[in-house]
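> The following feature annotations were taken from TrEMBL:
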TRANSMEM  27-50  transmembrane segment
DOMAIN    42-293  domain 'G-protein coupled receptors family 1 profile'
TRANSMEM  62-88  transmembrane segment
TRANSMEM  100-121  transmembrane segment
TRANSMEM  142-164  transmembrane segment
TRANSMEM  203-226  transmembrane segment
TRANSMEM  246-266  transmembrane segment
TRANSMEM  272-292  transmembrane segment
């Protein structure tokens, strides 16, 4: 390979919008703008509701605030480049900015997986050991678990993100998404990347995949416990307390598994399939989670009604 085509590290990378859909980019912009609007405003609203409602200052809703925080971070991480492509047709990103973006995207993804795991443990204790719930699940323990959740993914990501800058790069240096992902940038390197590949695979196995397995195990025990309840009403009431969390688990993990399968077994699939799965994985959960919890959780609906009622009363007092 010619030395002129290799650099110690690429100063800029080129992002891709939606190849072949340039004629309808205005409609795509509106669609993405609405998704960001719902995701960012919805998660901010959940955080505000939990902070301003004293009756929601419980471990369960602290965990929900962690989930809203990670969804908000995931949305903000992809916002600059995705909207930059549609607003300013800006498809160039400096390598350092690309590293920061991929670090944020992967960190918040790992955080969300961990939060969903802790929430599944909360539901497990609430249903299988209800009399001991207030002893086992305390606010202090939830805060400690939250700190572990926040630190686990980012700390483990630092080595492979920093190592990217030491690799030589060659070729077109064009990414196939409107944001930076580690698994894409590493393919541009013109050197042996076995360590990064193995480290990344191990990291996913011991974070996301382990979280998914433990969530499945907890729900297996929950279903076994619910099935042993005496009446149908008790079983339905017990399982209804899990519906919001179960929907959030499906919304997060189903696109993630689909994206993994497409990357591994769909190498000959059209680029639009890879693009669609990556966008669904990153954009849909932050948008749907606030809607799910606002619809499915009675306490959230009650807090929203109270907040809107206070605002209406305040407006009437000024009129």
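Quick reminder: no glycine exception, Cβ is built from N, Cα and C everywhere.
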> Return yes if the transmembrane segment (246-266) and the transmembrane segment (27-50) have at least 3 CB pairs under 8 Å (sequence gap of 6 or more), otherwise no.
no
> Please identify the stretch among 27-50, 142-164, 203-226, 272-292 with the greatest number of Cβ pairs below 8 Å relative to the transmembrane segment (62-88).
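Per the Cβ count, the answer is 27-50.
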